[in-house]
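Positions annotated as domain 'Myosin motor' by TrEMBL: 1-529. Residues annotated as ATP binding site in TrEMBL: G2, E3, S4, G5, A6, G7, K8, T9. The feature region 'Actin-binding' is assigned by TrEMBL to 463-485.
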Amino acid sequence: SGESGAGKTESTKLLLQHIMHLCKGNSQLEQQILQVNPLLEAFGNAQTVMNDNSSRFGKYIQLRFQKNTVRGAKLSEYLLEKSRVVQQDTGERNFHIFYYMFAGLSSEEKEMYGLLDPSLYRYISGRFGTQDVAQRWKQKYQEVCNALDMVGFHEQEQVDMQSILAGVLSLGNVTFEPEERNGSVKVSEASRGWLKAAAVKVTGCMLCSCSPWSTSVSCYCLCADARDSIAKVAYGRVFGWIVCKINELLAENVDPEVELSEIGILDIFGFENFAVNRFEQLCINLANEQLQHFFNHHIFQMEQAAYKEEELPWETIIFNNNEAILNLLLAKPLGLLSLLDEQSAFPQATDKTFVDKLNSTFKGNLHFQPGRGRVLGFSIIHYAGKVQYTAGGFLEKNRDTLPANIRGLFINSITPLLSLLFKGKFICYKRTSHMKQGPLCQRPDSALSHWLLFSLCPPQHSLMMLMERMYSANPHFVRCIKPNSQKEPGVVDSQVVLLQLRYNGLLETIRIRRDGFSWRPSFEEFAER
């Protein structure tokens, strides 16, 4: 854990390499586990103002062992920031893979996928990069292609996948104008070519009810919101499919009755506080609040309880308990996320009615502040500091719906991969004490269904399942500290470091470890010694 840009993903890669070096077992499997990283980073990472290679999803890697030899591995992905596909703030970029494609594809391949100059595409803000950067992206694209081959993606699957990505970019350039006769909207004359390109690549059929050459194009409901929803859903499902294929490759091939031990590594996005913070930052910061509480529980509460049980002379150490913030966010029925779900269920509700509800519910709460000025929003005093959230888009992103007729177009697509991704059935998630009710789902027909689990669940349920997994394990904590805020190597800003040591509770952790007998043999070990 740690702030965005503190080095979590790089530490995870080093830890994996270290474990693989110690195992000396199935060399092919170990290499495969290490080589899936370029693939995950290309599709799941992006440049932000805080980090040039920021993970925009959380991943949990389970390594399964038999007699100190790795026999298999499994990846779980959480909360992919799909909104990045359609919008990036100043100084930020879309997911790496789009830039890698422009840099790495040959002229013939770009023509096959219908890709034009990158400056034309709205979803990448019309920005590309310098010649040096493009050369580096070209090398990265080759790494991605090698990883795709190694994981076992067939050539046609790779072609289909890149067709979908190209179609997503074309879709972003479709614009709309009012229909004079009935007050509805239609695709603008200037963007009909983009619509045709997107329709061929993304759905394999026109998204409109009449031909592109007619004088009036009446769209199913393809307004700007639906356009962006299609792009986000298509990208999210491609990403989940990649994770599913990786898991098929890395699955253990042992007798089901053989008991395997496990090491799990959680690499999840760090705490974020940007100039503009949206729904995605709230989800990310909620995850970090839960991990901080988990850390507090193990390091402070369980440690001190053990000291008292052993009847050690002990003066209780006070720590910064963030339970009140978690209650503000997660309590039922009046926590922030419960209120968001409630508002999302009302068709007439707006982001403003949601904020009004928050202001009345949390009036006087020390960890909540109403928004100020003209921007619709609110502030939360997190364990790591105050974050001001812009409420625009909260309800739409929480609903995360796709019109049923658009989904039907995907299912009937002539692009085999796209049709497959939208035919998958969902699997149930386990009902727990944290969850009132899970969705009623069907059993999966294939391994493809498994990755649909987290794209189906609301964000808080996905996080609950993750935390349940954490609490059932024996945890070790790797706290990553960001040395400076300028993304500069070899520079340590002591104030930036000290702030992180304080809000993470590391100063108290050092004290509790120093005073609490760091070597703790069992009685048997002591007597034997």
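Here the Cβ of each residue, glycine as well, is placed from N, Cα and C on the backbone.
Automated prediction, rather than curation, is the source of TrEMBL annotations.
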On the 0 to 100 pLDDT scale, where does the region 'Actin-binding' (463-485) sit on average? 87
CB neighbours of E3 (ATP binding site) within 10 A? 25
Would you list the other residues of this chain near ATP - those whose C-beta lies within 8 angstroms of the C-beta centroid of G2, E3, S4, G5, A6, G7, K8, T9 - in sequence order? N51, G270, C480, K482
Here the binding-site residues are S4, T9; the one whose Cβ sees the most other Cβ atoms within 10 Å is T9
Name, in the order they occur in the sequence, the residues of the same chain whose CB lies under 8 A from the CB of G5 (ATP binding site) and which sit 6 or more residues away. M50, N51, S54, G270, K482, K487
Number of helical, extended and coil residues in the region 'Actin-binding' (463-485), per DSSP: 9 helix, 0 strand, 14 coil
Across all the protein chains here, work out how many other Cβ atoms are within 10 Å of the Cβ of G2 (ATP binding site). 18
CB neighbours within 10 A of K8 (ATP binding site), counting all protein chains shown, number 23
In sequence order, which same-chain residues at least six apart have a C-beta under 8 angstroms from A6 (ATP binding site)? G270, C480, I481, K482, Q500
